[in-house]
């Protein structure tokens, strides 16, 4: 895959040609290739949930409960590690962001990616929920939700280690799993929790076989999962291929290949700050690449666009609509 380089000449090193310097137009820091059918403008804010590439092929029959990425204060995005859920995916929780804008993944129950204060995106480690049993003995699994990635205060995005919802059993001994939903769950007057925009359930033909209907995605809105929104959830906007978080910071791949939010402008040395899209499958893409890497850092996973070490695993960043719960 070939990439565009900014029109600057640096005396430091040849590799600096692919990095951002403060005087450069950062919006040109984009891969040369684009994702076929990718959407570069999305009408509403959204989060991301972490989905391991190795397990995505089997997610139709047995999906994960996902937790959305969170964001801590520095802008890092974090994501939790997730376990596979018994039922088809339904509502998703978001990634969080920390204060410095970094995007990280924490060890989670299938929760959303968070963002810490510095803008990094991180994901947390997860746990699995136990199977329940109702009075007739049947075992059932509740509709799974995906938690959003969180963001800490520095802008990093992190994901926590996630838990998977367990199958339940009702009183007659049967083990059952419910269908998943895209929309947020509502509660009616008798106390039951219901979810709208459900995917079609499995049907049974005359010979007794159970078949599942293929899911059809809307080409104009490929995002088919929702998650509860909170203060640490990484909430992003996509316009003309540029990602911004709720503080207006720019989603970029920085010099160490980490995905985080800074600025504007992005931090010096940033490699990419544009060229983002949502794929027809509902995943976040950069250029023509829709896979990223979560790499363990203490209790959280930082997110990168390249494999940087032995503690890294290939993942999809699934786009999720965020709702108030």
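Our numbering is plain: 1 for the first residue shown, then up by one each step along the chain.
Keep in mind that glycine also has a Cβ here, set from the backbone N, Cα and C atoms.
Residues or ranges marked as repeat 'PIR1/2/3 1' by Swiss-Prot on the basis of experimental evidence: 68-91. Note on the repeat 'PIR1/2/3 1' (68-91): its mean pLDDT in the predicted model is 56.
Look at Swiss-Prot and you will find 92-109 tagged as repeat 'PIR1/2/3 2', backed by experimental evidence.
Taken from Swiss-Prot, the feature repeat 'PIR1/2/3 3' applies to 110-127, supported by experimental evidence.
Annotation source Swiss-Prot lists repeat 'PIR1/2/3 4' at 128-145, citing experimental evidence.
Residues or ranges marked as repeat 'PIR1/2/3 5' by Swiss-Prot on the basis of experimental evidence: 146-163.
Swiss-Prot lists 164-181 with the feature repeat 'PIR1/2/3 6', giving experimental evidence as the kind of evidence.
The repeat 'PIR1/2/3 7' annotation in Swiss-Prot covers 182-199 and is backed by experimental evidence.
Feature annotation from Swiss-Prot assigns repeat 'PIR1/2/3 8' to 200-217; the stated evidence is experimental evidence.
For 1-18, the entry in Swiss-Prot reads signal peptide.
Under the heading site 'Covalent attachment to cell wall glycan', Swiss-Prot lists 76 (among others), citing similarity to another entry as support. Classification of residue 76 (site 'Covalent attachment to cell wall glycan') by DSSP places it within a strand.
Residues annotated as site 'Covalent attachment to cell wall glycan' in Swiss-Prot, with similarity to another entry given as evidence: 102 (among others).
Under the DSSP three-state reduction, residue 120 (site 'Covalent attachment to cell wall glycan') is assigned to strand. Taken from Swiss-Prot, the feature site 'Covalent attachment to cell wall glycan' applies to 120 (among others), supported by similarity to another entry.
Residues or ranges marked as site 'Covalent attachment to cell wall glycan' in Swiss-Prot: 138 (among others).
In this view, residue 156 (site 'Covalent attachment to cell wall glycan') is surrounded by 45 other Cβ atoms within 10 Å of its Cβ, with every protein chain counted. The site 'Covalent attachment to cell wall glycan' annotation in Swiss-Prot covers 156 (among others) and is backed by similarity to another entry.
Annotation comment: Swiss-Prot describes 174 (among others) as site 'Covalent attachment to cell wall glycan', evidence class similarity to another entry.
As annotated by Swiss-Prot, site 'Covalent attachment to cell wall glycan' applies to 192 (among others), with the evidence given as similarity to another entry.
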Cβ neighbours of residue 120 (site 'Covalent attachment to cell wall glycan') where a neighbour is any other Cβ within 10 Å: 42
Number of other Cβ atoms within 10 Å of the Cβ of residue 76 (site 'Covalent attachment to cell wall glycan') across all protein chains: 44
DSSP-derived structure type at residue 156 (site 'Covalent attachment to cell wall glycan'), helix or strand or else coil: strand
